[in-house]
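First the structure, in the form of structure tokens, and then the observations on it.
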Amino acid sequence: MRASDDAKRKRSPPPPPTLPPSPPSPSVDGSTDPNSPQRKRNKWARLLLRELYDLGFNDAAAALEREACVQLRSSVMKKLQNLVASRQWDEALQLVMKTGDEREQLQMKSTLAAREAALLLLQRKFIDFLLLKQLPEALRTFQEEILPLCEPSEAEVKQLAELLLCRDADEMKQRTSMPWQDDELQLKLEELVSPEEIIPEGALRRIVQDVELQTPPPMMMGQVAGDCVEVLTSHKNDVWELAFSPDGEMLASASSDGSVVLWEIKWKEEAVGFSLTMELKTEALHVLQSLEGPADCLAWSPDSRFLLSSGSRSSTIQLWDRTSGLCEKRFQHPGGVVTKMQWLSCGDQFVSGSADKSLVLWNANENSIAYQWSGRRVLDVVVHPHDSKVFVLISGYEIRVYDVAHKSDELFIEADNVMSCLTISPSGKFLLVNFVKQEQLTCIEIATGSVVAKYHGIREQRYVLRPCFIGAHSELVASGSEDGKIYVWQRDNGKLAAELDGHSSVVNVVVRHPVHASVMASASDDKTRAYSVEHFNKLCRGERRMQNNAVGRLCLRSLRLFKQLPNSPVTWLYLMILGSLAAVYGLLFDGWVRALLELRDYIIKSAGEYSFGAFIIWTMWCVGFGMLATCCGYYISPASDGSGIPTMRGLFAGVFQNPGDTLSFRTLVARSIGTVLSSASALSVGRSGPFTHIMAIIGYLMGKISIFQRVNYGQQNYNFIRAAVACGVTASFGSPLGGVLFGIEVTAKYYEIKCLWEGIICSSFCILVFNIITFTKSEVLFERTKFTGFDMDEEIFAFVLLGIITGIGAGLYCKMALVLRRIQARLLERFRLTKPSIQRRIFHVVSICLTTALISFPFGMMRIPDRVMINELFRDQTLSFPQWTQFSDSKHVTLVIYIVLKLFISILPCGAPLSCGVFGPLFTMGAAVGRYYGETLMELWSPHQSPATYAVVGAACFAASATQTVSTAVIFFELTGQLSHMVPVMVACIAAYFVSGIITPSIYDILASWAGMNSVCYDFNEHVLSQKAAKDYMATVPVIFTRDTTYEEAIQALNTFKKEEYFPVCDNAENKLLMGCLRRYDLEVGIARFLAVHRSGKEESKNAQVSTKIQNLISQVLDIDKKKSATVDNVSLLNFQPKETPTTSSMLELGPPFDEYEFTSIPVESYPPQVGEDVNLYRVHKLASISSWTQVYVVKFGKLQGVIHLDSSLTKLRKEDVPIRFS
């Protein structure tokens, strides 16, 4: 941004002052030797030509061009300029990328410059297509040319993606800083080509300037006002701000005591030379004392008649009359505390910035807001003295330029270090930036964005110091320091010119006199105030002092550096802590369950083992704990019901748009309490599934801590949650590698193998903590087995037969679960409990608890906990529990009874509304089946392996076939330590997997379908899906959003299509060119925010159209954003005033998917999963699993044809006559 003809030059450092060496190829003058006199002569001739053309002496330049026989531009450069003017972008691109004729190849400064030039040309080509409304060609250019050829950065991609959402050219200009005019593009290209093609603009001037900078002007030191002529002491406390009036007759000073003093300045000119002395009245002219809190913002009007002031704790701006000293007007800033004000050169408008992320343009005469920019926190504001440009410091890390005339803004500078304040030179050519942490000032040339010089020497660790330019031509830079000195540097070379003493404390601000440029005023502190630099956000509330915290700054810098590493130490720290927490929480979990079971056994023994009183206690215990467990899901969090495996599978597949519900702290509490209660009851339930969900929640909540926090919730967070899932399995069984593989098999359709190490590291630390805590090790890990080695002989067929038997048993288990589900549905329908309610929950849970209590109480072996029973069956000795001989001396009979009863009571809790798993009971049933099989073989055949060996294999096979996972075998290897039995275990598991897979889907697929997540069921093979085309299974899109869709239409769509989770965004309803997609959750939150912001102007008659869910979200959004905006005290983002009074008839505020530009903007997914109409369903499902979406759009030449919902497509497939399993 600049006011002169140099406005179109790119903001980058200027080319080097001397010409770079030419390549060996011939130049425009025909010479090839770079050191030849002719070559050097032609270089300087071309420099003179460039300068003559820049100065406007075109005739003289043309004469020199004829006389010297040199050309300013090469023939190739002229051809490029002609191609750009005629918009022949492809031919121009060939010249830049050197893909055409070798004789017509353009020499660029570097490969990077060639890439940047190509990107500029393709951007203009892309913009031209958008302006001509040729969206398919624009998309093709973006996808096929810009992305693969130029590899633009994320910021450049973001700019181009935003343009697709723009309605017209004006909006495009506001959203991008790309060159729009041909001459702008020509200037940018000239800066990128080699000087052999064209001499850059201003090259000779920069060479001369470099020579001048080697020696300072002889009178420069004499221009510094080194003598203190007056000391002002009327303030009662430290002075924070100074401002000379434009006419130079008044000086205003603001203090932390809340006062603003106006001083009158009189000048006397002595006869000797031109030395000036300042004479002031002994008392201040006016003392303005009606500010709220400390005063720190001052701004004089251009005519010097009025003064604006504001306090560091006030949102009010006061307009004071210079003559009377009275407050003429008050301006109430819409939102937070005012941080800075500045008048525009016109004199009837001024701008103010505040902590509520807004910049306001005021009409001073009318006391009204002319315009408002929102969404960015303003720390400082300076106005260009000659045009309508406003430079604004945003959040300490970027400077943006706002064009008041055109109501637009663009990025000027983005820095990695904190900037505290800005100062612009009186000529408007230079901008002075104060970098706090580096203790340096940086002068930037506004026209080019290049750094002029850097100034060191000041001490700035605690306070914000405001520097200034001094001298007739701003030749010097002056700044205060914390050591009480004023430092003066030469502007162009950064050399220290003077050190001025006189202050005894910190010099806060130095200002230059507007008339006498060699005179300046400075303000100092009487007392010291310490404010933290790291908490820079406090500056927007007017707390001007900053405290130095070297240790904190070092930690933050190290943290930012570590987060950028591929295998970040922060990631390792996260995994270590998560694994340790899983181990500790698992031990506590087992301790709580064990304590409750011991209490139950003690009460039963006190009442008599098999007495009627013991039966009543057993039944009441089971029913009571079951009801408490289901109440946790109803009153605390419904997401805590069921097994955690289908929930995690749905999370990774994109079923849950808002993971905050499934992974909330409320769900953690409900899941933990509910799992402990259900495990401590007499129900046959497991703990591994719920515990994986618990660890996933802990991993998600840990990721919200600032040290581990990521910018966006996405695949990177999913990988951490997958590591937490593996950690949950490890904490349940003590199997690190098997836990990782099991977590992948049961929860993920798609998994990034490169992230496998995260789960292994996390699980390894979990098992390490188990081994350290030795006193509870036996309570968590299963007992190690010591079987005889296995030799490959005919006994392998016995293991295969065991796998077939367990596979049939697992298939029977899953089939019985489906039958029981139908019976329960009929019973609930008979009692009119078809809708979810607490009565339905209690009826369901009480019925299964009563049935379980009636079955388990009479049989002693049914009271034994699963973990104790597994250790008993795995023990290589005779079964020793007295319960085995309760009804018969034959342990075979007791084992059969146990298997049948365990099978039945393990099916009852499946699908019940409480927190329960299924893996533990499957494990136990398989061990019992294997033990019975081994005992029978021992009597009939006398095999080499003991019955305990068959118990281990049976447990592995039954669990693997029911869950249809192979990794279960790895878990058993790690549990038992019997790697010598790897072959029989693996062969038997494969046989069981095969048999069970033919009979029924896995138990997790069944549970997922009961939960309404058919899209995550894995019961179709690739052969079936690959024979079906997308166009045969796509559904009509019920509603389409465009850029002109209003809030009222969006609310109506949400209420009408309650099952739609995604809404496509197209260019218009007729063309249906797919441009993006809106998630239902994002749309609901955006509408809730919109209604919350504008709730005071909302008509009551309109509220009936708003769904209950959105109305409930309004209060939630208020609470959420107060927490997110803790850095601005209680000033919520919702308090800003809109530009106009909007209603639901306003168009949706659509935002990019990368970050939130506006509080009420709705993020748009710019590239939703989409396929052609002839793509097979297997590829459709694969794309959906990679993208974590539950639906895929079908397009033809970019136009929306329909949508495939994975849920409904699988349901349709099940009804067709295809070779698929019945579920």
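Even glycines carry a Cβ here, placed using N, Cα and C.
Listed in TrEMBL:
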type	residues	note
COMPBIAS	13-26	compositional bias 'Pro residues'
COMPBIAS	28-37	compositional bias 'Polar residues'
REGION	1-40	region 'Disordered'
REPEAT	232-266	repeat 'WD'
REPEAT	288-321	repeat 'WD'
REPEAT	331-372	repeat 'WD'
REPEAT	474-499	repeat 'WD'
TRANSMEM	572-593	transmembrane segment
TRANSMEM	614-636	transmembrane segment
TRANSMEM	720-744	transmembrane segment
TRANSMEM	756-776	transmembrane segment
TRANSMEM	796-820	transmembrane segment
TRANSMEM	841-861	transmembrane segment
TRANSMEM	896-929	transmembrane segment
TRANSMEM	950-973	transmembrane segment
TRANSMEM	985-1004	transmembrane segment
How many of the residues that make up the repeat 'WD' (474-499) does DSSP mark as helix, as strand and as coil? 0 helix, 14 strand, 12 coil
With pairs fewer than 6 apart in sequence excluded, do the transmembrane segment (896-929) and the transmembrane segment (841-861) have three or more C-beta pairs that lie under 8 Å? yes
Proximity verdict for the transmembrane segment (950-973) and the transmembrane segment (614-636), three or more C-beta pairs under 8 Å: no
Using Cβ distances below 8 Å and needing 3 or more such pairs, separated by at least 6 in sequence, tell me whether the transmembrane segment (796-820) contacts the transmembrane segment (896-929). yes
Top Cβ-contact partner of the transmembrane segment (614-636) among 572-593, 720-744, 896-929, 985-1004 (pairs under 8 Å): 896-929
Could you give me the DSSP helix, strand and coil counts for the repeat 'WD' (331-372)? 0 helix, 25 strand, 17 coil
Count, for each of 720-744, 756-776, 896-929, 985-1004, the Cβ pairs lying under 8 Å from the transmembrane segment (572-593), and report the range with the highest count. 756-776
Who are the long-range neighbours of the transmembrane segment (756-776) in its own chain, taking Cβ under 8 Å and residues 6 or more past its ends? 571-572, 575-576, 578-580, 582-584, 586-587, 590-591, 719-720, 722-727, 729-731, 734, 736-737, 739-740, 743-744
When pLDDT is averaged across the repeat 'WD' (232-266), the result is 79
The repeat 'WD' (232-266) - residue tally per DSSP class, helix then strand then coil: 0 helix, 19 strand, 16 coil
